[in-house]
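Engineer: Positions annotated as Zn(2+) binding site by Swiss-Prot, on the basis of similarity to another entry: Cys122, Cys124, Cys132. Summarising the annotation, Swiss-Prot assigns active site, schiff-base intermediate with substrate to Lys197, Lys250 and lists similarity to another entry as the type of evidence. Per Swiss-Prot, 5-aminolevulinate 1 binding site is recorded for Arg207, Arg219. Summarising the annotation, Swiss-Prot assigns Mg(2+) binding site to Glu235. The 5-aminolevulinate 2 binding site annotation in Swiss-Prot covers Ser276, Tyr315.
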Amino acid sequence: MGQDLTFKRHRRLRQTAAIRNMVRETKLHIDDLIYPIFVKEGEGVRQEVPSMPNVYQLSLDQLDAEVDEIVSLGIPAIILFGVPAEKDAVGSAAYHEHGIVQQAIRQVKESYPDLTVIADTCLCQFTDHGHCGVIEEGKILNDPSLDLLARTAVSQAKAGADIIAPSNMMDGFVAAIRAGLDSAGFTDVPVMSYAVKYASAFYGPFRDAAHSSPVFGDRKTYQMDPANRLEALREARSDVEEGADFLIVKPALSYLDIIREVKNETGLPVVAYNVSGEYSMIKAASLQGWIDEKSTVLEKLISMKRAGADLILTYFAKDVARWLNEEK
């Protein structure tokens with residue numbers, strides 16, 4: 001080849017693993033991870049979710065062993081989802097003092113006061129119709145639902161939740177919850193809002209885990225259209241104005257562009273929710289031997305951080321923590 005060619009040799013910075021690590025722009029840390037736990041009423045329950053390998057519904061007597069493992073791995077935070085024994089039209093178990101989530105919060109905080117406990121604040125797991133609000137003649141009522149969400153948030157804060165994470169996508173839900181928390185004296189409890197939550201096909205396995213599928217209709221009148229980008233920014237701005245401290249984008253993998261735009265637009269900490277369908281697809285493919293699970297998971301989570309996520313809520317958190325610890 002002639003000596004008069006001029007071009008940039010980018011491969012110089014890829015010659016060894018050490019050099020590649022030195023110039024790596026995005027890195028994944030255990031401190032980035034939040035692990036979801038499904039707590040279920042009953043005793044001796046450790047029931048694997050059929051569509052989510054290695055994810056379990058746990059009764060309170062099984063919870064300590066799970067949390068012990070999480071803490072030993074260095075994972076800094078969990079988020080709790082409740083699976084109640086009884087449901088009703090207004091989801092009263094969601095805001096009951098002795099609801100399953102409230103009991104789990106108290107139990108975890110008593111044993112591990114330094115572990116950050118996030119409470120998912122919604123009604124769908126607790127209503128007999130499976131929707132995230134009050135129903136009247138087949139319609140989900142926005143404003144009456146806000147009162148119940150605020151009651152739920154306050155009850156969770158009283159139980160000791162460090163962060164409240166409202167997920168139901170009613171208009172004004174952050175304002176209602178922030179006002180409720182402040183009035184009850186919980187001005188220092190932050191709100192991690194599901195600010196941008198799409199009406200996604202990727203939620204199927206979660207509804208299997210949380211027993212939260214709607215009995216009728218769907219959630220498209222309150223969750224977002226997957227085709228919309230500008231609407232996501234309007235939703236995020238509204239939640240910032242109403243007092244949100246963190247913003248969740250859900251799902252994550254199909255919405256990396258939204259994660260970046262929300263981060264640029266708001267400057268608040270952004271949480272990527274690596275949802276159940278994303279988890280189960282990788283699990284299914286890896287069980288068939290079609291992909292390498294570890295490499296695929298790490299690449300996926302790195303893409304979320306590269307897009308702008310500060311934190312990642314993922315069912316892979318324990319696996320990722322083990323892999324990262326092995327690399328130390």
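Think of each number as a place in line: the chain as shown, counted from 1.
Just so it is clear, glycine is given a Cβ too, placed from its N, Cα and C backbone atoms.
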Engineer: Radius 10 Å, atoms counted are CB only; among the binding-site residues Cys124, Cys132, which position scores highest?
Structural biologist: Cys132
Engineer: Could you find out if DSSP has Tyr315 (5-aminolevulinate 2 binding site) as helix, strand or coil?
Structural biologist: coil
Engineer: Measuring Cα to Cα, how many angstrom lie between Lys197 (active site, schiff-base intermediate with substrate) and Cys124 (Zn(2+) binding site)?
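Structural biologist: The Cα atom of Lys197 (active site, schiff-base intermediate with substrate) is 15 Å away from the Cα atom of Cys124 (Zn(2+) binding site).
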Engineer: State the count of C-beta atoms found within 10 angstroms of the C-beta of Ser276 (5-aminolevulinate 2 binding site), not counting that atom itself.
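Structural biologist: Taking all protein chains shown, Ser276 (5-aminolevulinate 2 binding site) has 24 Cβ neighbours within 10 Å.
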Engineer: Using a Cβ cut-off under 8 Å and a sequence separation of 6 or more, which residues in the same chain sit near Tyr315 (5-aminolevulinate 2 binding site)?
Structural biologist: Tyr35, Pro36, Met52, Val55, Asn274, Ser276, Tyr279
Engineer: Provide the number of Cβ atoms within 10 Å of the Cβ of Lys197 (active site, schiff-base intermediate with substrate), excluding the reference atom itself.
Structural biologist: 24
Engineer: Near Cys122 (Zn(2+) binding site), which residues of its own chain have a C-beta under 8 A away, given they sit six or more steps off in sequence?
Structural biologist: Ala94, Cys132, Leu149, Thr152, Pro166, Ser167, Asn168
Engineer: Please report the three-state DSSP label of Cys122 (Zn(2+) binding site).
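Structural biologist: Coil, per DSSP.
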